[in-house]
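Accompanying notes for the structure given below.
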């Protein structure tokens, strides 16, 4: 590779040698190709992205380095400035803008998408774009943005895509090659640090696999299986010897023999085995915090005096800007004590300053045990020697579900620090009550190939309005057809298309045999098929009428009514013992003349005649007693004789039962039957043989049409969604003009500048003046209603203006809610996915914050509101920053100068205190 001068210069500055996959990817990049790199977490994919930065700087061009998360952008900005200096590296996120005109800019993917739609001057001279963590393309919320960027990037820009290992890397690479041109796909499934799988049973740590086995795929460790069998047997014996414990089974009492380890004990075992630092995945924020508290109540200490001094220095640096009044509210002192002992939690509910301090200390090896939610696995650079999984199930917001192989791979991929550890370790804690933590289940997860990448691309209002603005409908359709979603859909119908081709060929052969597609025998067969179809439909309607008539009678029956059961094995006379409880599916309790008692339905009583009479019943009828049934059946027969009830064998006169049988005399059906009788093929020689072939032709024709419908549904779904959205936007005057040449209106240009999940609702609020005349805190509050989502299953509760602190804000919330309801009704009519409804769960909180800046009062008010789960400091900051992002858009896009000025003042009122500290 002597021609690769820049690669030689780049590698000369590295303190390590490149792996083969890194060498191949970098070489392809220097030769002018785009590159897709799929490799495990920690394998060193980012080296390829950093080489793209090197190439851009060496050639005097520009490189944009995109990430899906602001935290990742901040981290990459720090890494690149350490190497190239602050003057050459910029940062653009929703919160920060640093050196935005630098030759290398780190940004979130959304920022680049917005630049592309605005045709920003910053795109001039752009030579390389790095898309880190590109597997986020499968994310429901962020994924579409990635596809928009990939599709809109100029053709001369070299794209470097970095992805975790996915099982369909070749498919994804094939799509990238299709839409971006010459792209080299580099897939490497080799972990640079070997991963050893373990199961912790009680206080004993076992290898999951028998690594000494000579077979190709290591079997489950037999010693582990024997020990678990011994534990289960000991539990059973413990139950057998202790009757009290047997009685407690089912009440949640644990067997005495096996005791689950407390978290401090697990960490102590890992420490003794030399397996720290470790990340323990807990899958709930509360569980992470509780785990640290458990450890703090124990004697566990993992740091030396020297390490504690270094930890204190980092804490003071990270948290020095926090107000003293806020520290106690934030749980600072307990958090600090945990860090000094080498323990920490890590989750999205933490204050960003706290979370970043944990990341820095863990990466430095000063914090030894972190209890984290799975969000830590999403790209944050915090590798550990060991990863511990307490459970192999997690709550997905609705129910507890097992981890998928892809999730297991992503979590355990954190184990093993390249350049530090010789090997990484994954430890699953065994629980006797959970099948998912059994060795076979764990082995299945550990052995499975990783998750497939699935597109989540679907047109949004903002995307649609921008496409209409920049290109014709035909070009927009063509662009949508180039999406990864459409690429996958097209590949999925390959088999269907082949089926259509085979059907078409067979239909042609049969048609030739019968005399062409208009052959008389085919016309005759179609007549027969149409008649049969109409007869089936009439039969269905007739059965429905009979059932409804029977249900009407059954629902009207009263205690003591005598009826005639016309169908089933219980046919004959019966008396009603108890009326039906449910009129939609009436099932009265009856006793028959043959002494059977039970509930009947329309299937037993297919008649519409009124009861034939009635009889007096005792106040209480114990129908389960044989003697009572015998006496009552005798009384029933006597009453029937007295009332001259006809025998069931006489049948029921269909002309008198009240059904609407006019459908049986359908003129169209009569006409078709007449045509069939007169048809020239009716008495043709060899009719039966020809008819069999003709009917086969029709069966294949129907199947072929079914295949074609499936293909059409799969291959045109995005274009149809786009056209429906265009139709709604035309109706609302965001777009005008003929369908073949639509033009974006002033309101449409406003919508094109709003980037939010509720983009169209925000645009409607701006153009209708729903948010006019508000004060800064009120504007921040109403903006939060179109962004905030209550956590858990609580959902938005009550009227959206229920918590409005001022009449002006209440009116704005009501106006917003009405606009949302109208929009959702229009979406339903146009068959578009419904927009989310406004949620008032953050209204009072951010109003209080914008007015007072008092964190203690704000969090106390949030807890007192009872609006879903308690609001953590981290969530509070995160939602405030989302509000800031939309307020910043209003400051630039709102049509009214007063509203723009109010948005600017609202930004200042919200961006203070903990919200302004350590934005990330």
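Please read every residue number as a count from 1 along the shown chain.
Cβ atoms here come from the backbone N, Cα and C positions, even for glycine.
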* Scan 124-127, 128-131, 132-135, 136-139 against Swiss-Prot and say which stretch is down as motif 'DEVH box'. => 132-135
* **Structural state census, the motif 'DEVH box' (132-135) (DSSP three-state)** => 2 helix, 0 strand, 2 coil
* Structure fact -> Over the motif 'DEVH box' (132-135) the mean pLDDT stands at 86
* **39, 40, 41, 42, 43, 44, 45, 46 excluded, remaining Cβ within 8 Å of their centroid (ATP)** => 164, 192
* Asked: Near residue 44 (ATP binding site), which residues of its chain come within a Cβ-Cβ distance under 8 Å, counting only those 6 or more away in sequence?
  -> 19, 22, 192, 418
